[in-house]
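If you look up Swiss-Prot, you'll see G52, E53, S54, R116, I143, R144 marked as L-glutamine binding site, on the strength of sequence analysis. The active site, nucleophile feature in Swiss-Prot is assigned to C84. Residues or ranges marked as active site, charge relay system in Swiss-Prot: H184, E186.
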Amino acid sequence: MKAGVLALQGDVEEHIQAFKKAAQELGISIEVIQVKKPQDLKEIATLAIPGGESTTIGALAKRTGLLDALRDAIKEGLPTLGTCAGAIFLAKEVRDSVVGETKQPILGLMDIAVVRNAFGRQRESFEVDLQVGELGTVRAVFIRAPAFIKAWGDARLAAPLKHPELGQIYAAAFQGHMVATAFHPELSTTVVHKYMLNLAKK
């Protein structure tokens with residue numbers, strides 16, 4: 001099987017290693033490629049969109065012609081994981097905890113509303129064990145994380161958390177072949193990447 005990691009910026013190498021380790025645990029042989037141009041998407045069975053800076057991802061995706069290619073591939077059913085900034089990139093509704101509505105280029109594919117920087121800046125990093133729907137308990141690493149506040153259509157929110165200002169928020173979302181996490185699973189667990197590989201096998 002071939003998996004891809006969108007390699008415009010963010011923690012690309014960590015996702016590559018997480019896919020490799022997940023495949024090893026599942027007994028699947030895997031090749032993981034860095035997705036940098038539209039034709040790379042034709043080769044892969046599943047995709048991870050890493051964290052980093054969501055406005056940068058959007059701008060670079062637009063410039064490289066990947067924005068439309070990604071949107072088309074994911075719409076056609078490519079199992080896709082978006083983590084942290086990658087989750088913001090997948091969402092239909094994005095606002096910033098400080099500046100309100102953002103006009104950044106996004107894929108706009110998941111029926112979820114996301115608040116950027118909901119947990120403040122870098123110093124607001126923390127780890128916690130979370131119940132993430134059918135994935136069970138996951139060790140979640142949050143770094144300048146967003147928060148999911150609403151879902152509609154057939155999107156489902158998971159991993160509930162209490163936020164000091166926003167109240168009840170969620171750190172994961174599922175919709176068909178798409179998964180979004182506010183945390184960085186690639187830093188602490190293979191559970192989420194195994195889930196993506198199993199989706200790709202179906």
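Cβ coordinates are placed from backbone N, Cα and C, and glycine is handled just like the others.
Structural mapping of features recorded in Swiss-Prot.
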residue	record	contacts (Cβ under 8 Å, 6+ apart)
G52	L-glutamine binding site	L8, Q9, G10, D11, C84, A85, G86
E53	L-glutamine binding site	Q9, G10, A85
S54	L-glutamine binding site	A85, G86, I88, F89, V94, Q104, I106, R116
H184	active site, charge relay system	D11, E14, G51, T83, C84, A140, V141, F142, I143
E186	active site, charge relay system	D11, E14, H15, Q17, A18, A48, P50, T83, V192, H193
Other same-chain residues whose Cβ falls within 8 Å of the Cβ centroid of G52, E53, S54, R116, I143, R144, the recorded L-glutamine site, in sequence order: G51, C84, A85, I88, N117, P146
Local backbone state of R116 (L-glutamine binding site), from DSSP in three classes: strand
Site diameter for L-glutamine, Å, by largest Cα distance between G52, E53, S54, R116, I143, R144: 13
Candidates R116, R144: member of the binding-site residues with the richest Cβ shell (10 Å): R116
Helix, strand or coil at E186 (active site, charge relay system) [DSSP, three-state]: helix
For the recorded positions C84, I143, the one whose C-beta sees the most other C-beta atoms within 10 angstroms: C84
